[in-house]
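Feature annotation from TrEMBL assigns ATP binding site to B:P90, B:L91, B:G92, B:S93, B:G94, B:M95, B:G96, B:S97, B:S98, B:A99, B:A100. Per TrEMBL, domain 'GHMP kinase N-terminal' is recorded for B:65-149. Residues or ranges marked as domain 'GHMP kinase C-terminal' by TrEMBL: B:210-278.
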There are 2 protein chains.
Amino acid sequence: MKLVTAFAPATVANVSCGFDILGFAIDELGDEVTVKLVDTPGVKVVEIQGDGGKLPFDADKNTCSVAVQAMLNSLGVNLGIELSLFKGLPLGSGMGSSAASAAAALVAANEVLGNPFEKMDLVPFAMEAERIACGTAHADNVAPSILGGFVLIKDYDPLDVIKLPVPDGLYCTLLHPHLELKTMDSRSVLRQQISLKESTVQSGNIAGFIAGLFRNDFQLISRSLKDVIAEPTRALLIPGFYELRNVVREIGALGSGISGSGPTIFILSEGKEIALKVGKESKKVFEKIGLEVDVYVSKVNDKGAYVQSH
Amino acid sequence: MKLVTAFAPATVANVSCGFDILGFAIDELGDEVTVKLVDTPGVKVVEIQGDGGKLPFDADKNTCSVAVQAMLNSLGVNLGIELSLFKGLPLGSGMGSSAASAAAALVAANEVLGNPFEKMDLVPFAMEAERIACGTAHADNVAPSILGGFVLIKDYDPLDVIKLPVPDGLYCTLLHPHLELKTMDSRSVLRQQISLKESTVQSGNIAGFIAGLFRNDFQLISRSLKDVIAEPTRALLIPGFYELRNVVREIGALGSGISGSGPTIFILSEGKEIALKVGKESKKVFEKIGLEVDVYVSKVNDKGAYVQSH
């Protein structure tokens, strides 16, 4: 009986200037999934830990099993697979929790099956899991969780996913305030029509950001890390957001933004020292307004999901 | 009496996915300006050739003199400068005609004065000329005409201009149909509100395009060369636009779009052979609908405006 465990990292989607098209992966923080090949056909979730009992065991509803089932369907095989999920990520935090579970399950299952797929080929299967978890088959969390680094989702029809370079020394501080913010609410505050001017500004910023990644130009990255599309309305749902932005810029961070649809906030910094200081000072901002917050400091991960043990 | 002549190239602004933020320069085709330092203070336009008598000699209205005056103002000097303009570019064609005149004048004047400015510093002076010529001080023609290559105008406040790499072997075919299309009309058809979805698609394409330039990835450039913002309405003003697009894609061009606000159309190709064939076949498309067209085939110019002679 073959047994493989894989790890998949947390991810930050949107990245301010990359609304719905950009994401990146975080080191260390993430989910683990163990895949076991068994004789009885069918994909089953047999164990879930670290979710506080909130995630479904139903194979049609759990992102791990949905992703693996999509993979098996693509291969046209009906194998027996048992999945054990160990959540390292908080649910509904905006850190790509559902995506990390699906990514870890796919990388482990791919290994169990002798790696019939390249990592890039796993993205569509994980997107099927996102469809179950979020209502849309978006790729801006699953693609960076699988592939690592910064990933551009250029197009969905057909899917066009581009891995981008990660400047050496780029660190991320994640702040997860203990706020309940439903993706649904966070989407509903988005304006469906925006001005031509705003669209042009957003385009200029994503273009500058991509050039900054290729050039290792931290200042260009910093000048580009702005969001005129989603942030103006979503930030209102996160108390302390604007004060935090000022505090971290003063410390020397490159910039901050909402991770995915929130409430987690990400801050990019050049070097670990600033990223740690950002974490410390940010905590104070939230404590002042009586909000508990978890702080994670990590390099931007260029590796993505990987097999941990056989 | 010091005498310097400079050349500045034609430019393509917008570049489909880069509405209002991207431009690039063309080889060979462009304007020349001779700058003469004289004793009597004041900037004067003393000669204009190749414009069919259409351009103003009034120093407050000609883009050459307006640009040079802005430069002298910045230096706080009141020198005597005589300008002779030799138009190589058709007026109002969407090839950056006004910008090339200003760029050539500035590079020549800068040389006459012993180069007090870096090329990048000349951009704001040329923008003042665009304000006179077009009503807005846009930089997406003047910046590539001065600097060469692909240039991103990331921001105007403050001005943030980023020169981008040019993939080796990238050629441009320019088609200038003999149509009168006023920038004013071409702007008035633009929608001032666009959907969030369209904005996201445009962002994905400009992000892919920038990544394609850095990676020399012609296929990625091709997949990104789309415009969902301006083209859907502006293309209606250019007969044959959509047929042309199909024809050039079939020949193997990377893609086509409206140059600036038109009516010139640009087509990017990998290699000169395809670019030439594109020119030949495109001409047939326009002839079929009874429209005369000038065809230019050129490498994308990485050098920008330069001093020709002293």
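Glycine residues also receive a Cβ, built from the backbone N, Cα and C atoms like all the rest.
The residues near the ATP site, meaning same-chain residues not in B:P90, B:L91, B:G92, B:S93, B:G94, B:M95, B:G96, B:S97, B:S98, B:A99, B:A100 whose C-beta sits within 8 angstroms of the mean position of the site's C-beta atoms, are B:A10, B:L89, B:N141, B:G260, in sequence order. B:G92 (ATP binding site) counts 20 other C-beta atoms within 10 Å of its own C-beta, drawing on all protein chains shown. In the three-state DSSP classification, B:S98 (ATP binding site) falls within a helix. Burial estimate for the binding-site residues (B:P90, B:G94, B:G96): highest at B:G96, by number of other CB atoms within 10 Å. Note on B:S98 (ATP binding site): other Cβ atoms within 10 Å of its Cβ, all shown chains, come to 27. A sphere of 10 angstroms centred on the C-beta of B:A100 (ATP binding site) encloses 33 other C-beta atoms.
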